[in-house]
């Protein structure tokens, strides 16, 4: 007899992903790598299939429920019931943890000479190395951890500052541009040499400062001279003849334009009168259009109200349809459950004798060989109407010592409705048979339960651990004689001795 599987308890703790492989100062062995992130294991956990994972990686994988072990699938060693990742069966691998933490490590930061063990790196140096590159939260640039504070205070172009002249907030990169427009920025008068004149008062100073050079008042008619404010009158006296000549020239140039403007004025009056007539016509048209717009707006509002009512009705009907779909879905589930129970009741027997026909044998065996469906459970059967509930479990490509060479057949004690009235542990002789369909050479094996085994105690879960015959029938024997497999089907018979019940 052989037990199928046992699931040890486990727990998970959330930490960080694995250590970078650049940390190790020696050649890295594959057994120290996480099967998920492929980095050095951090707080290793071992799954029931034997693969190791970082605590963080395993928790991430199991966040959506139990999963198939990707490493088993990749290595081609997937095993049904074993290659499953679940929190209840994973456990902390303290031996691997001690090995990993004792590995020699070096700091990966350029220029850092720190050396020690991986455990010392995690507890004393990780995240604290002054030469480690970190991201500046302001400018998003990379700076060394030891220089981060100085960078944030004096060098970061995105650091927050305030103008020392007007106290306006700005970032470091915009200080110079702000000084070009700052109203309090100090300026120096080129005329009188006065310093620290706020920009907002500089133009007032220029108007009153006698030393500032300003354009001549006749610059509009051609004088290009600039003179100090206090010498403006002296300049006008000295340049009186030139200014009069410039003024005369401007007047002579403007005279013909004035005549043209007079003629243009009469044309403009005529155009204005024409435009007034057109405007009156357009006003009448606009009044008509306004009334039409109001009518269309009222129609649109009525349509909008009707649309909202229709939308509310559609939403109400949609909600009812969803409720009906949910109700139909629940009824479908209930119907499927009832159909399954009816099928189980039709297949069940109540005298301790059960014959199980396995159809599509070739296809099911091929699926077992491929590892897709290695085991099949039979319908339940009973020793009596109120007796023990049992089923069979068969591995068409073998299990354990019989894998690949034998047909493995197991007996399973299931949780039944009348277990409280029965005698435990289960102690009835069990006979298992592969029937020769010519009724000559049946393959028979029998055993009496080991009452100390958990397989035969009163079930706590839906079914106990399977127990039976991993070497029940050689595959070669079945293939050599075609009377065991006929019409692509085999028959398994189980007989439970009812003596003493």
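The backbone N, Cα and C atoms fix where each Cβ goes, and this holds for glycine too.
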Record feature phosphoserine (Swiss-Prot), assigned residue among 11, 20, 83: 11
Candidate set 31, 331, 357, 415, annotation ubiquitin cross-link, source Swiss-Prot, matching residue: 31
Within the domain 'MATH' (351-496), residues counted as helix, strand or coil by DSSP: 25 helix, 55 strand, 66 coil
Among 22, 31, 320, which are recorded as recorded positions, the nearest neighbour of residue 117 (phosphothreonine) by Cα: 22
Secondary structure composition of the zinc finger (34-73) [DSSP: H/G/I, E/B, coil]: 14 helix, 9 strand, 17 coil
Other CB atoms within 10 A, centred on residue 117 (phosphothreonine): 15
C-alpha spacing of residue 31 (ubiquitin cross-link) relative to residue 320 (ubiquitin cross-link), in angstrom: 58
Secondary structure of residue 117 (phosphothreonine) (DSSP, helix/strand/coil): strand
